[in-house]
Amino acid sequence: MKPEIEQELSHTLLTELLAYQFASPVRWIETQDVFLKQHNTERVIEIGPSPTLAGMASRTIKAKYQSYDAALSLQRQVLCYSKDAKEIYYTPDPAEPPAAEEPKAETGKESAPAASAAAAAATQPAAAVAPPPQSAGPVESIPDEPVKASLLIHVLVAQKLKKPLDAVPMSKAIKDLVNGKSTVQNEILGDLGKEFGSTPEKPEETPLEELAEQFQDTFSGSLGKTSTSLIGRLMSSKMPGGFSITNARKYLESRFGLGPGRQDSVLLTALCNEPASRLGSEGDAKSFLDTMAQKYASHAGISLSSPSAGGASSGAGAAVVDSAALDALIAENKKLARQQLETLARYLQVDLTKGEKAFIKEKEATTVLQQELDLWEAEHGEFYAKGIKPVFSPLKSRTYDSYWNWARQDLLSMWFDILFGKLTSVDRETINQCIQIMNRANPTLIKFMQYHVELCPTYRGETYKLGKRLGEQLIENCKQILGQSPVYKDVSRITGPKTTVSAKGDIVYEEANKESVRKFEQYVFEMAQGGSMTKMKQSSIQEDLARVYKAISKQASRDSKLELQKVYDQLLKVVEGSTEIETEQTTQDALAIPTGSNTPTEEDELSTASDDDEIASLPDKTSIAQPVSSTIPNKTIPFLHIQSKSESGNWEYDRKLSSIYLDGLESAAINGLTFKDKYVLVTGAGAGSIGAEILQGLISGGAKVIVTTSRYSKKVTEYYQNMYARYGAAGSTLIVVPFNQGSKQDVDALVEYIYNDQKKGGLGWDLDVIIPFAAIPENGNGIDNIDSKSEFAHRIMLTNLLRLLGAVKARKTTDTRPAQCILPLSPNHGTFGFDGLYSESKISLETLFNRWYSEDWGTKLTICGAIIGWTRGTGLMSANNIIAEGIEKLGVRTFSQKEMAFNILGLLTPEIVNLCQEEPVMADLNGGLQFIDNLKEFTSKLRNDLTETADIRRAVSIESAIEQKVVNGDNVDSNYNKVTVRPRANMKFDFPTLKSYDEIKQIAPDLEGMLDLENVVVVTGFAEVGPWGNARTRWEMESKGEFSLEGAIEMAWIMGMIKYHNGNLKGKPYSGWIDAKTQTPVDDKDIKAKYEEEILEHSGIRLIEPELFNGYDPKKKQMIQEVVIQHDLEPFECSKETAEQYKHEHGDKCEISEIEESGEYSVRILKGATLFIPKALRFDRLVAGQIPTGWDARTYGIPEDTINQVDPITLYVLVATVEALLSAGITDPYEFYKYVHVSEVGNCSGSGMGGVSALRGMFKDRYADKPVQNDILQESFINTMSAWVNMLLLSASGPIKTPVGACATAVESVDIGIETILSGKAKVVMVGGYDDFQEEGSYEFANMNATSSAIDEFKHGRTPKEMSRPTTTTRNGFMEAQGSGIQVIMSADLALKMGVPIHAVLAMSATATDKIGRSVPAPGKGILTTAREHHGNLKYPSPLLNVKYRKRQLSKRLDQIKSWESSELNYLQEEAHLAKEEFGEEFSEAEFLRERTEEIYRESKRQVADAKKQWGNAFYKSDPRIAPLRGALATFNLTIDDIGVASFHGTSTVANDKNESATIDSMMKHLGRSEGNPVFGVFQKYLTGHPKGAAGAWMLNGAIQILESGIVPGNRNADNVDKVLEQYEYVLYPSRSIQTDGIKAVSVTSFGFGQKGAQAVVVHPDYLYAVLDRSTYEDYAKRVTARNKKTYRYMHNAITRNTMFVAKDKAPYSDELTMDVYLDPLARVSKTKNEFVFTKKSVQSDKSYVSNIANSTAKALSSLNKSSKGVGVDVELLSELNIDNETFLERNFTPEEIKYCQNSANPQASFTGTWSAKEATFKALGVSSQGGGASLKEIEIVRDGNGAPQVVLNDNAKAAAKAAGVKNVNVSISHDDFQATAVALSEF
């Protein structure tokens, strides 16, 4: 054939082939087989723009024909027209000239360290690195090479995937690398298209190496649009200012000799190794380029050479510069510049030396000031200088006055302590609590007590009986004292010092109860009696006789003297020899008539009839028949007494005044002392001080007190708050302020604050009492060491105390209300020594007693000096505690802090106050200490004796121990040594505890069988990601205020502090926890101690941590501002494309020009152009609730590519979802499809804002032209989070609904989820909410004044964790937070079938809007509509609320349904006959009966469900008499009184907390909640902050945990509940957790901006279990237990292996089955190879529709046509037979039947089936009935050897059958989990 013809035929063939390919289906696989196998083609040529088919042919040859070709010795060539033209046309390459010999490159071994160094540099690009050395000479150039397509493709793909080059294999295709992410794939293909101009067909399926080969032939070797743009962005965003691409290229050329092509390659390599942040200097940039060049060299297989060290000297014409000439030139230039500067200065009239002159003057002034400061410090000292700094701030004042709330809280705490057996008897502490409650009694509190006491279930045990008895008595007490003033009455035990020395030589001190003095009443008597040391010194009888003798003898005669001498001698002998006269007594004492003792005996003390009597006597006011003053012994000074000034000017004991004081003390001890309407200032009342005890007494007596503290902190304010919460009486107020009594400014500011009007920021008080007890110790300072501290102490205790009194005097406005000042005097007038100026300070105060007379302030201040005796345990005296017992043995008295406070408070009685107004009063409270001579020596001896005894015993103990060890061995003490047992962690992950069925039935016995469980929605799983980790760890902190060991371990794991290791560690096998940083083992017992502080610091509400928010620092919040530039700017360099864009924007205000060396462009912005310049402002929202630092999705097992792809909020949602599933016992989500169709699993979770990080990227980062992923838009959608959950975990095809309800989103989600389940659209739904925290939202919330200002809070002395304070007086806005919360909800019926844990029942949910308005965030009360209920003039409640009534109606309806079902089954024979006539020969009776029976059963179930729904679930709906809330509770036989807790939205805003409290209160009131039964208010946001979308989900989780534990967590930040909330009697605001005896139901309310109100009510699952029969419940309990064990194992493995989250890589069905599964609602998975998958058999299965019971029944019915005429069909519901009724069973079943049924797998079904068989048999007999109540015991159903039922008739039944002609009865029984059916046939 001629060549021309061949060419024409070839052309025709090619055309036809192309036409065929375009017009017909592609059959390329078959085509390849034809030419490769049939024709053995060796040369295959593709004609086209790229080697698409050629590539496929190459892969086919490699995979299919490799061995085939080898066998036939075929050498195939696959060529492409566009790529292999030379091979196709056989065009040889021209011969190349031999290359010149090149220097040897460095060896690979030598370059390896350089590469390693470069890699190290790349990991820390931002670190400060020394700039590379400057080239000493020219570098040898490397032959240039254009960029290869392989490198370009590799870089573009790796950069898009955010991976290093070595993590992207070239052997994989793009489709494989993107892992199914179509968006990323499209981005890569788009970038390749831009870069190369065109792409081959299906490039995503081609391996990168092949794709590179296809591109290489047409690739020019220059960078395209995409790579140029990326490099330009790298240079502008990560290089230091001024370091442009031109600089980079020049550096690479000079440093390494790289040409333009290789420079491009290095810059491409840099794209995959971008620094984390902008490099700081040019040196850093060059170091970075060095690293990138080395990476490129390693990749390209070349060696980089450095500049030649001798290059500078090797040049022939190198110039040499004379250094002297250079220096002269530089000096001349500087001189010229200086002359020009001076000339310009003269012209501008500027003095160049002005600054220097001013500096000299400032320096001189500074020197003078420094000298003065040095002098001042030298005189006063450093301690004094620091000590006088003022600290007072009225902003930091804390006011406590919410006694009304704490009274109810304390009462409940005591109540539950009694019920739980913690308080079993009435001790002093209990009586004290009762007194405090009585002090706060009001009508509301009495109603509160009455409700709990009257409804106390005493049948529960003795503790409940005790609680009722004591409660009734306390109620009576409170009623008696209503309207009376509160009193301070201390009923504590009196204690004394006791010091012992143990056998081991330890000195042990304790406060021991005094048995002889048990009450303060007896204590006062003891004080009045004094002691041996306080007796007045009197002469003896002998001395009196001697004086008489001398006086008489002077006047007597001589004889008389002799006679008198004789009588005197005889008297002396009588006195000395008498046993009746004590010679040491005075004459007066010897002749005195003894008086009766007032000391109560032990018998008197124990004579009370019962504990109740002691409480009952509390309100009584006892009249004192014989005052204690009458018992003061003559010539004895009481331990406590009042002194008056004698004529000599000395202070001496005054019996009259002392009597007044002691009688007042006695009255205070017996009847109490009130301080109502008293305004008091107390300083020096720190913990453990006398002042603190005084303060406690003042507020318990109703005083209004301002107390100061010099150590202001959260710990200190909590101390005072706790004191007030416990002791604050009605009408009392406690105000705490920071105050330094050493500062004059603070003294003035404090008094100004007290007296200023409230409008001026003050209190507007007028002080009645001043108790200035502030002091600091000066131990160890003698007169030779009076230092700075001593002087400062003197200033506090004297100077500024006087200033304080003077300031009060100056502000006193009336002379009729003087302030009583209790001066803290001391008996220590240098007695102890070495106490600095302490004694001098105290003595100097005594001058005020004289100045009261001599100065003009006597009508405004009164003086009462209190000489304070030895008080044990105070800061000043605690070191002397051990010798106090020895001191008391001398006959004096030391005091406890309570005793001394009682003594001082006794000075505030009206009688003493009146005395003070007449004259200054000196009260000696020294206990007789002043009568001890040489006190210092005696105390020293006591101390030395104790120390010596201790030393001796210690030495003896040591010696004995040594001897024992020598004799008995070293381990002799092992059995006696104290061992501290530290338990190991036990992480349980428990499911809710299930009670026994009998306990369940006691809860609600009438609920069994009442509800349609498919219309009951339950929570089976819940979880969260929040500031406190997860739901478990958050609950520990919320309920207990601290982490358990297990909680600490979990938090440490979450925060990346520890990880689990199983393998070799440092060469040894180790399994356990290790520190994540040091890789060292950590014992689980030590984790809490080691990491807890760091955990607490970096979790919860805290200062914003910039590393969590991409560097966002609110202290430097960045914003931009537009400015017009005033002069031309310096030019800068960028790419051509970017330069043109600048020109396009700025027009003639911008000049651009090309830079010839690099091809880059120079840009110059001209005057008049507008620029946006960044600025930073100090933003005051510095605090937020943040995810724990170190939280990482990788810890849970989420893949890296997913983390890089999605918004951070999506990660929170994924983790919360998988934890929620595990909480539900679901370890594989595909298990759902074993029970439900894929269309029945939905997701209704939502968010307020969605992916805010993605939104930020879309708007802010994109606007700033920062790198942003191209598919960022999809991550911003609110429904994307749900989409990821489905794509990675569920693979469901059910409803997806995405609520957006601002802060109410989560509860709205629950509402939608419930509706979705109840409507039948789904059976399992994921609900919840989620939101992130970002600076944009934070700023806008601040602009709305919705959030609290951290700066303002800091000024008020608040710590970050205190800044969210719902319900408090000082609440000031909500605190933002971030996180997610998810619940798994499903129908109760499904939950029971699956055996998943049921955490709570969702009894009700609702949403509501509010009224007309103009404010979107304004709070409203629309949600009150859940309590909508018409009352009108209706007198009687609806019978529908009575469960017994509803049960009766349901029973009737079920009987009707059973009758209908039986009749339908009976009619089936006739129906089959008619159908046979209709369908003819094709008719199958068996199939017809099966299908129709199934339909009847299904219809019966539907009718039963509707009946239960009508009378159980939905009876209240649309009934105006029954509120939705009331009806939802009544469904479970609960009332409005059974809502135990209301979880408040509680945002800590003024408006919300009041509005929400009013709403809940109105709701309870309208629905008739009992008075005195407030709900516990839970305000979770004090702990977590406000996460917006997740808020309701976290609250719901907390509500579930409340139901499970019975613990009601308190609002620990509620330091003082707002007075305005007192009006809401139906809400209690606890500040601490209270363990109750069970919570039945919890209400959760949520409110969102945009008129969103929502409420959900959860009920304890016990009320659901009460609906079940015993068999169903016990079967469920078994399956839950098994699931719990499985989940327990999974959770432990998940934590130790970081595999909690396991992403699904495929759906549970193959692609081929997708549509089949979708279209078959009965398709279910089966478990194959440990996986749940759909199979062909499971889709459209013949067995999936007709149930076993229908088959069995149909089979029995089909035999009716062939059998006898007596037929009986009976249907019984399993739920209707009460097998717990023993009487019923014994009456209707034989013992054998009972035994058989009880031993069956399902006793409920077995009994029901047997009963149905009995009924069917009776019907088959056709005999007359004996009535509905007749026993069926005579019809016995027995089982044969095969288990088949047989009928045995006995007695009357047998006789009736015989009379009817019945010979035998055959019966068939079938049942499922819903009903049992029996068909009986009689044989005649």
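Each position is counted from 1, following the chain as shown.
Keep in mind that glycine also has a Cβ here, set from the backbone N, Cα and C atoms.
With a 10 A radius on its CB, CYS1303 (active site, for beta-ketoacyl synthase activity) counts 28 other CB atoms from all the protein chains. Marked as active site, for beta-ketoacyl synthase activity by Swiss-Prot: CYS1303 (among others).
HIS1545 (active site, for beta-ketoacyl synthase activity) falls within neither a helix nor a strand when secondary structure is assigned with DSSP, and so counts as coil. Here Swiss-Prot flags HIS1545 (among others) as active site, for beta-ketoacyl synthase activity, drawing on sequence analysis.
The active site, for beta-ketoacyl synthase activity annotation in Swiss-Prot covers HIS1586 (among others). According to DSSP, HIS1586 (active site, for beta-ketoacyl synthase activity) is assigned to a strand segment. Around the Cβ of HIS1586 (active site, for beta-ketoacyl synthase activity), the number of neighbouring Cβ atoms within 10 Å comes to 28.
According to Swiss-Prot, the feature acetyl-CoA binding site maps to 1770-1772, TYR1796, SER1806, 1815-1825, 1839-1842, 1869-1871, an assignment based on similarity to another entry. Sequence-distant neighbours of ASP1770 (acetyl-CoA binding site) (same chain, six or more apart, CB under 8 Å from its CB) are LYS1458, SER1462, SER1812, ALA1813, GLU1815, ALA1816, LYS1819, THR1877, ALA1878, ALA1880, listed in sequence order. Mapped onto three states, the DSSP output places ASP1770 (acetyl-CoA binding site) in strand.
The annotation compositional bias 'Low complexity' is assigned in Swiss-Prot to 111-129.
Per Swiss-Prot, the feature compositional bias 'Polar residues' maps to 584-600.
If you look up Swiss-Prot, you'll see 147-222 marked as domain 'Carrier'.
The region 'Disordered' feature in Swiss-Prot is assigned to 91-141 (among others).
Sequence annotations record features per position, and here Swiss-Prot assigns region 'Disordered' to 583-613 (among others).
Model confidence over the region 'Beta-ketoacyl reductase' (677-873) stands at 92, taken as the mean pLDDT rounded to a whole number. Summarising the annotation, Swiss-Prot assigns region 'Beta-ketoacyl reductase' to 677-873.
Mapped onto three states, the DSSP output places GLY1841 (acetyl-CoA binding site) in coil. Within 10 Å of the C-beta of GLY1841 (acetyl-CoA binding site) we count 5 further C-beta atoms, all protein chains included. Sequence-distant neighbours of SER1870 (acetyl-CoA binding site): residues of the same chain at least 6 apart with a C-beta under 8 Å from its C-beta are ASN1748, ILE1749, ASN1751, SER1752, THR1753, ALA1756, GLY1809, ALA1876, THR1877, ALA1878. Across the structure, TYR1796 (acetyl-CoA binding site) and HIS1545 (active site, for beta-ketoacyl synthase activity) are spaced 56 Å apart at their Cα atoms. HIS1545 (active site, for beta-ketoacyl synthase activity) is 66 Å away from GLY1822 (acetyl-CoA binding site) when you measure Cα to Cα. Of all Cβ atoms in the shown protein chains, 31 besides its own fall within 10 Å of the Cβ of HIS1545 (active site, for beta-ketoacyl synthase activity).
Ranking the binding-site residues TYR1796, ALA1816, LYS1819, GLY1822, SER1825 by C-beta neighbours within 10 Å puts ALA1816 at the top. Here the candidates are the active-site residues CYS1303, HIS1545, HIS1586, and by Cα distance the one nearest SER1825 (acetyl-CoA binding site) turns out to be HIS1545. Classification of SER1870 (acetyl-CoA binding site) by DSSP places it within a strand. For the pair formed by HIS1586 (active site, for beta-ketoacyl synthase activity) and CYS1303 (active site, for beta-ketoacyl synthase activity), distance between Cα atoms is given as 8 Å, rounded to the nearest Å. Geometry remark: CYS1303 (active site, for beta-ketoacyl synthase activity) versus HIS1545 (active site, for beta-ketoacyl synthase activity), CA distance 9 Å. SER1825 (acetyl-CoA binding site) falls within neither a helix nor a strand when secondary structure is assigned with DSSP, and so counts as coil. Spacing of HIS1545 (active site, for beta-ketoacyl synthase activity) relative to GLY1841 (acetyl-CoA binding site) is 65 Å (Cα to Cα, whole number).
According to DSSP, the domain 'Carrier' (147-222) comprises 47 helix, 2 strand, 27 coil.
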